[in-house]
Amino acid sequence: MNALPPAIFLMGPTAAGKTDLAIELSKVLPCELISVDSALVYRGMDIGTAKPSKAQLAEFPHRLIDILDPAQSYSAADFRSDALAAMAQITARGNIPLLVGGTMLYFKALLDGLADMPAANAAVRAQLEADAQAFGWQSLHDQLAVVDPVSAARIHPNDPQRLIRALEVYRVSGMSMTAHREQQTAQSTEAAASGCQQLPYTVANLAIAPADRKVLHQRIALRFEQMLDQGFLDEVLALRSRGDLHAGLPSIRAVGYRQVWDHLDGKLTREEMQERGIIATRQLAKRQFTWLRSWDDLHWLDSLASDNLSRALKYLGSVSILS
């Protein structure tokens, strides 16, 4: 018998079939679902996020879906707080939290905690944005390369959201984002060595993806085409028509949305939009695989297998998560 209550992480790249498997598991286990997806938190963004259907959500409710307006921001710290609260409620009812999604930073934050980063500073952000307008984003990236070369190596000059945050952390705290994270890693290692855990649950880690990467690429392309057929452009048009949303917001920078937004701005033809949307989704999947390859104690399932439910249940039984 485990001393800590059980939880299940179901991870994987985009278009791998995570939602379907999570629903199948919840049919046979006393599970309640928690979404781990930085785009599914937003209302009115259904098609481009491949959000579970209204019928699915009615029958199999997911926590942390449709909790924010697209004008709002949502951080890994926000997710960790919300997820821990939801997990505690689910556990108190005698059920198992099943966390499903592909935002690997959220899973990592939940499992290991977060570095004690400084809060957002409106004045610093305004100055950085003004500098970017005056001198270009490459200039800001050059500044970051001086104070935090590790972050500069992983943040593209055309990623203003992450670029501003990295410089903001340095200017507010005097410490680079990399230094903050190294400090957190050291604290986590020390806690683990002393027997303490950041997440007070016994976690079983499942991941699902096609064994053949080409199959995943085909699924990504097909799903993007299906989204367009389902009215993805109209969905983004509705967001634009509000008048208070813009391309710099985290919600609109989500994969697919930023390409459609650029198309509606006249920057991309429909063909270019579709091609870039598919490429961006494939790049997202590649980043997700990079995270997953470094994950400890991960049990893989093949998206194309017909017996994933039984395989998942067998694994969960083997690690005593169902005891």
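Backbone N, Cα and C atoms are what each Cβ position is placed from, and that goes for glycine too.
Keep in mind the model is a prediction, meaning the values are calculated, not measured.
According to Swiss-Prot, the features are:
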- GLY12, PRO13, THR14, ALA15, ALA16, GLY17, LYS18, THR19: ATP binding site (BINDING)
- THR14, ALA15, ALA16, GLY17, LYS18, THR19: substrate binding site (BINDING)
- 37-40: region 'Interaction with substrate tRNA' (REGION)
- 161-165: region 'Interaction with substrate tRNA' (REGION)
- THR103: site 'Interaction with substrate tRNA' (SITE)
- ARG125: site 'Interaction with substrate tRNA' (SITE)
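For THR103 (site 'Interaction with substrate tRNA') paired with THR14 (ATP binding site), the C-alpha to C-alpha distance reads 9 Å.
The Cβ of THR19 (ATP binding site) lies under 8 Å from the Cβ of ALA50, PRO52, GLN56, VAL100, each on the same chain and at least six residues away in sequence. The DSSP breakdown of the region 'Interaction with substrate tRNA' (37-40), given as helix, strand and coil counts, is 0 helix, 0 strand, 4 coil. Excluding GLY12, PRO13, THR14, ALA15, ALA16, GLY17, LYS18, THR19, which define the ATP site, the same chain contributes GLY102, ILE208, ALA209, SER303 within 8 Å (Cβ to the Cβ centroid), listed in sequence order. When the recorded positions LYS18, ARG125 are scored by other C-beta atoms within 10 Å, LYS18 scores highest. Residues belonging to the region 'Interaction with substrate tRNA' (161-165) score a mean pLDDT of 88 in the model.
Within 8 Å of the centroid of the Cβ atoms of THR14, ALA15, ALA16, GLY17, LYS18, THR19, where the record puts substrate, the same chain has further Cβ atoms from GLY12, PRO13, ASP20, ALA50, GLY102, ILE208, SER303. Around GLY12 (ATP binding site), a 10 Å sphere centred on its CB holds 26 further CB atoms from the protein chains shown. Just so you know, the Cβ of ALA16 (ATP binding site) picks up 25 other Cβ atoms within 10 Å once every protein chain is counted.
Here the binding-site residues are PRO13, GLY17; the one with the fewest Cβ atoms within 10 Å of its Cβ is GLY17. A 10 Å cutoff on Cβ-Cβ distances gives THR14 (ATP binding site) a total of 22 other Cβ atoms nearby, all chains included.
Across the structure, LYS18 (ATP binding site) and ARG125 (site 'Interaction with substrate tRNA') are spaced 36 Å apart at their Cα atoms. In this structure the alpha carbons, written CA, of THR14 (ATP binding site) and ARG125 (site 'Interaction with substrate tRNA') are 31 Å apart. Separating the Cα atoms of GLY12 (ATP binding site) and ARG125 (site 'Interaction with substrate tRNA') is a whole-number distance of 33 Å. The two recorded residues, PRO13 (ATP binding site) and ARG125 (site 'Interaction with substrate tRNA'), have Cα atoms 32 Å apart.
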